[in-house]
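Q: Please find one structure pasted underneath; my questions will follow.
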């Protein structure tokens with residue numbers, strides 16, 4: 001069953017301006033250490049950060065909270081499965097909110113799709129619940 005859907009767009013030029021203006025204060029407030037390490041290895045870190053920023057916004061919308069009510073930026077981190085598929089790892093307030101959303105006897109699933117074209121990035125998040133033991 002679908003519990004929440006969120007989407008967001010982000011312009012890497014906006015992220016780049018925030019990094020120029022605030023530097024590490026911005027990146028450390030918004031992104032997990034893993035996300036920062038990945039972005040800083042890239043030729044165009046702002047584009048990598050923009051995809052992750054869009055994913056966090058989309059996830060916060062799917063959670064039904066936005067970046068509020070105890071859900072903070074670093075509570076949502078984009079990680080890759082061994083297959084390379086992106087997903088979200090939730091901690092803190094985001095994990096607590098996810099737990100509230102999932103009915104007893106079910107387990108959460110988070111689907112994340114990321115795309116970009118030039119400086120523009122988009123993310124789509126679907127939070128669903130499946131009966132415990134349902135094959136993936």
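Placement of Cβ uses the backbone N, Cα and C atoms for every residue, glycine included.
Copied straight from Swiss-Prot:
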type    : residues : note
BINDING : 8, 57    : Mg(2+) binding site
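Mind mapping these onto the model and telling me what they sit next to?
A: According to DSSP, residue 8 (Mg(2+) binding site) sits within a strand segment.
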Q: Far apart in sequence but close in space: which same-chain residues, 6 or more away, have a Cβ under 8 Å from residue 57 (Mg(2+) binding site)?
A: 6, 8, 10, 67, 123
Q: Among all protein chains shown, how many Cβ atoms are found within 10 Å of the Cβ of residue 8 (Mg(2+) binding site), not counting that one?
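A: There are 18 such Cβ atoms around residue 8 (Mg(2+) binding site).
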